[in-house]
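The structure appears right after this line, and notes come after that.
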């Protein structure tokens, strides 16, 4: 997709994923009551198989990483050319030093001057792409965005304890919790749609400002949840977190705008790996905190979630400050400094 539509497209994908949750909760409750456990998991497995089949059949993917470096392209910037050559030098250096990573194929494309490098190790190629030096401080920008997403993923760990939390405090039934979850999800979808369509598309507010504001709202919402003394406060918190989906959307959008199209797969591969590994580490940590504080500070996990979003908000502030300090200098054409164009 082009730069202008990328944030909006990612928002649509995130909203579609989010809307599946309340439907699944309502349907699973009915199926469990009528049929029991195994039909629920059988249907879930069947839907997962259908999704995998669709991905395999309809979504093209290439196994090798193809790196194109135009030799004679007047429109290509010197910065992009330097970044590509840096990656090529890293790969060739690894081969010269006896590294197991190999360059499987090198082609010189005649008049086009293309070099195609294929790496035998996907992990190495991913790390090289994400950590290689980049002009205009783009590497720092990229890594800070990855850290910001890790803060968001850490905060998501508190959601698993929400039902136990409300059951202890307010003795909610499962059906009451489902109704709250559905209402909260719908508020998230409405808030994300309004923020991105009005503030981003029509008013042209930069992505990073949207991410910062959404993170601050989420901090307030988690704090209200942690200090709730009556059920209505949970609904107030749900209203306060209605922009929470904007933060991960903005991070993914900014990541996609900060690297070349050839590098998107590697960058998002590292992001997905972090999103998968972090819950394995933080899950037991959240469980231990929840068990140890259940009788004293039952909302402790939500304080931790607020701190995690605070970490993400600080990163957004740093990126905004850096962008403002560099505005108007010779690097203003860098992808790092370009004005956000969300839709």
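Glycine too: its Cβ is placed from the backbone N, Cα and C atoms.
Among the features that TrEMBL reports, transmembrane segment is placed at 12-32 (among others). Residues 39-40, 43, 174-175, 178, 181-182, 185-186, 188-189, 192-193, 245, 248-249 of the same chain lie 6 or more positions beyond the ends of the transmembrane segment (12-32) yet place their CB under 8 Å from a CB of it.
Per TrEMBL, the feature transmembrane segment maps to 38-59 (among others).
According to TrEMBL, the transmembrane segment annotation covers 141-165 (among others).
Residues annotated as transmembrane segment in TrEMBL: 177-196 (among others). Long-range neighbours of the transmembrane segment (177-196) within the same chain, counting only residues 6 or more positions beyond its ends whose Cβ lies under 8 Å from a Cβ of the stretch, are 7-8, 11, 14-15, 18-19, 21-22, 25-26, 29, 162-163, 166-167, 210, 214, 234-235, 238-239, 241-246, 249, 342-343.
What TrEMBL records for 208-226 (among others) is transmembrane segment.
Residues annotated as transmembrane segment in TrEMBL: 232-255 (among others).
Annotation source TrEMBL lists transmembrane segment at 267-290 (among others).
Feature annotation from TrEMBL assigns transmembrane segment to 302-322 (among others). Outside the transmembrane segment (302-322) by six or more residues, the chain places 137, 141, 144-145, 147-149, 151-152, 154-158, 165, 208-209, 211-212, 215-216, 218-219, 222-223, 225-226, 247, 286, 289 with a CB less than 8 A from a CB of the stretch.
Contact between the transmembrane segment (267-290) and the transmembrane segment (141-165) is supported: at least 3 Cβ pairs lie under 8 Å, counting only residues 6 or more apart in sequence. When Cβ-Cβ distances below 8 Å are used as the criterion, the transmembrane segment (141-165) is approached by residues 130-131, 134, 172, 174, 177, 211, 218, 222, 225, 247-248, 251-252, 254-255, 258-259, 267, 270-271, 274-275, 278-279, 282-283, 285-286, 290, 298-299, 301-302, 304-306, 308-309, 311-312, 315-316, 318-319, 322, 336 of the same chain, each at least six residues removed from its ends.
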